Amino acid sequence: MIESNLIISLLVIPMITIIALIFIGKRPKIKRYVALAGTALTLIFAFINLNNVLKDGPITLELGSWDAPYSIVFVLDIFSALLVITSLIVTMLIILYSYQSVGIERETYYYYFAVMFMLTGVIGSFITGDIFNLFVFFEVFLMASYILLVIGGTKVQLSETIKYVLVNVTSSAFFVIAVAMLYSVVGTLNLADISEKLSQLPSQDSGIVTIIFILFIFVFATKAGAFPMYIWLPGAYYAPPIAIIAFFGALLTKVGIYAIARTASLFFRDTSNFSFYTILFLALLTIIFGCVGAISYFDTKKIILYNIMIAVGVILVGVAMMNQTGMMGAIYYTLHDMLIKAALFFLIGVMYKITKTHDLRKYGGLIKDYPVLGWTFFIAALSLAGIPPLSGFYGKYYIVQATFEKGFYLSGIVVLLSSLVVLYSVIRIFLQGFFGKSEGYQVNPKLQYKGILTVSIVAVVISVIFGLSADWLQPIIKDAAETFYNPSVYTDSVLGGK
């Protein structure tokens with residue numbers, strides 16, 4: 001009982017932190033420490049919760065006097081626990097990076113409030129056990145993201161925020177419609193109970209289930225930045241400061257991916273493979289369009305932004321395989337991408353602070369004056385491309401292996417070729433930015449960049465440690481994958497085998 005009650009700490013601590021930030025007022029330095037302390041304390045409880053899950057299996061917390069499926073349920077399995085931990089680590093790094101990057105004006109007002117508010121929504125999305133509360137937590141982190149996008153009030157920010165809000169409001173409307181249709185069919189909102197009841201539906205109801213699936217895919221693909229709903233991502237994510245872009249790129253797209261994986265495994269396993277072919281088709285197109293974008297620009301931010309799309313597609317290929325190997329790859333790669341994307345955005349933020357430009361054609365020769373920055377970026381680039389033994393390799397290895405096991409050889413080849421495109425896109429930044437001809441930047445001995453560079457190095461080191469720990473993590477990732485390719489593990493933990 002005590003162990004299950006600890007799940008709620010993952011939401012309560014960030015919420016208490018939010019309240020504290022409101023009452024602190026216009027004192028940015030205190031806000032920094034409060035936000036960091038709240039995140040660190042939540043991380044400690046997240047590790048405690050993970051340890052409990054590893055010992056006892058998925059843990060369920062039922063709020064109120066009702067049993068599942070009638071109560072509000074929170075469920076923590078290994079994958080959701082790992083996602084929560086990685087989200088908290090990334091958030092701590094982002095808070096530290098923000099000290100020297102977002103500006104005192106943003107820090108004075110609602111910046112840290114919005115960061116913690118968004119973190120609460122992200123964590124809630126990972127641990128909620130019913131579909132309506134998934135919608136609620138989506139709206140929580142979306143409202144926070146609106147605040148983060150407009151803080152600072154530049155013209156570009158406001159313009160891109162309008163587009164971002166319109167896309168997400170439309171997506172949210174379709175989410176409500178999908179939930180309403182699903183409830184009309186099964187009469188429940190509990191994820192595990194929906195899974196049980198959908199599996200018992202007569203075959204004549206398969207048409208309505210397919211329509212519901214299409215609606216959910218539209219909604220979650222929008223959140224994940226997958227094809228065809230990726231068009232908002234490069235513009236909306238380009239506008240705010242680097243710390244906010246790192247936050248969005250590392251966390252928000254992963255919530256959409258998680259929602260696709262969870263609902264596909266629980267709800268749509270019996271739709272004559274239509275759901276998984278659809279996910280695979282969208283995944284491959286996402287990879288292709290992401291690759292085109294990554295090699296089409298000289299802007300360092302846009303190159304990494306399009307690499308977000310490539311990663312989303314690669315992960316969804318693993319999800320579409322819906323076997324143990326594919327899900328292991330998807331989980332490995334999701335955790336890896338959360339860490340390395342944050343690290344790469346941090347690093348290009350340092351490069352911008354030095355050169356005052358994101359245009360590769362306007363700077364070069366940085367390796368002479370900033371060798372630590374250069375070689376740190378090189379390691380991060382290799383990790384992103386999936387070069388062994390760095391963290392990006394293991395996820396892609398399992399995903400490609402899964403495609404070959406299932407006979408989807410072309411899909412595996414697309415994933416492999418995407419690695420070459422990713423490597424080319426980031427090595428181009430490395431070669432031009434650090435070894436190209438210097439184009440006008442001046443070394444400023446008084447430039448305050450060492451703080452954000454230190455955070456960037458820490459992020460890369462954590463990613464490297466994650467890759468080098470792959471053998472130790474393998475049994476944990478294998479168990480995490482089981483709740484997806486064998487959803488009865490999840491449903492039995494919630495419904496007690498009923």
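Even glycines carry a Cβ here, placed using N, Cα and C.
According to Swiss-Prot, the features are:
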type	residues	note
TRANSMEM	5-25	transmembrane segment
TRANSMEM	34-54	transmembrane segment
TRANSMEM	75-95	transmembrane segment
TRANSMEM	109-129	transmembrane segment
TRANSMEM	174-194	transmembrane segment
TRANSMEM	207-227	transmembrane segment
TRANSMEM	231-251	transmembrane segment
TRANSMEM	303-323	transmembrane segment
TRANSMEM	331-351	transmembrane segment
TRANSMEM	373-393	transmembrane segment
TRANSMEM	407-427	transmembrane segment
TRANSMEM	452-472	transmembrane segment
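Long-range Cβ contacts of the transmembrane segment (75-95) within its own chain (Cβ-Cβ under 8 Å, at least 6 residues beyond either end) map to 7, 10, 32, 35-36, 39-40, 42-43, 46-47, 49-50, 53-54, 57-61, 112, 115, 119, 122-123, 126-129, 191-192, 243, 246-247, 250-251, 254, 258, 331, 334-335, 338-339, 342, 346, 455, 458-459, 462, 476, 479-481, 483-484, 489-490, 493-494. Within the chain carrying the transmembrane segment (34-54), a Cβ under 8 angstroms from the stretch's Cβ atoms is held by residues 3, 6-7, 9-10, 13-14, 16-17, 20-21, 24, 76-78, 81-82, 84-85, 88-89, 91-92, 95-96, 112, 115-116, 119, 123, 476, 479, all 6 or more beyond its ends.
Remark: the transmembrane segment (373-393) makes no contact with the transmembrane segment (207-227), by the rule of 3 or more CB pairs under 8 A. Panel annotation: around the transmembrane segment (331-351), residues 79, 82-83, 86-87, 89-90, 93-94, 97, 101, 241-243, 245-247, 249-251, 254, 257-258, 300-301, 304, 307-308, 311, 314-315, 318, 358, 363, 366, 373, 376-377, 380-381, 383-384, 391-392, 394-396, 398-399, 426, 429, 433, 449, 452-453, 455-456, 459-460, 462-463, 466-467, 470, 477, 480-481 of the same chain, lying at least six beyond its termini, place a Cβ under 8 Å from a Cβ of the stretch. Counted as Cβ pairs under 8 Å, contacts with the transmembrane segment (109-129) are highest for 5-25 among 5-25, 174-194, 303-323, 407-427. Within the same chain, residues 68-70, 73, 75, 129-133, 135, 138, 201, 205, 208-209, 211-212, 215-216, 218-219, 262-263, 266-267, 490-491, 493-495 sit at least 6 positions outside the transmembrane segment (174-194) and bring their C-beta atoms closer than 8 Å to a C-beta of that stretch. For the transmembrane segment (407-427), the neighbouring stretch richest in Cβ pairs under 8 Å, chosen from 5-25, 207-227, 303-323, is 303-323. Sequence-distant contacts of the transmembrane segment (207-227) (same chain, at least 6 residues past either end, Cβ-Cβ under 8 Å): 138, 167-168, 171-172, 174-175, 177-178, 181-182, 185, 198, 201, 233, 252-257, 259-260, 263, 267-268, 271, 274-275, 278-279, 282-283, 285-286, 289, 308-309, 312-313, 316.
The list of residues near the transmembrane segment (303-323) in space but at least 6 beyond its ends in sequence, with Cβ under 8 angstroms from a Cβ of it, reads 224-227, 230, 233-234, 237-238, 245, 249, 253, 256-257, 260-261, 264-265, 269, 276-277, 279-280, 282-294, 296-297, 329-330, 333-334, 337, 341, 344-345, 348, 384, 395-396, 398-399, 402-403, 405-406, 408, 411, 414-415, 418, 421-422, 425-426, 428-429, 484-485.
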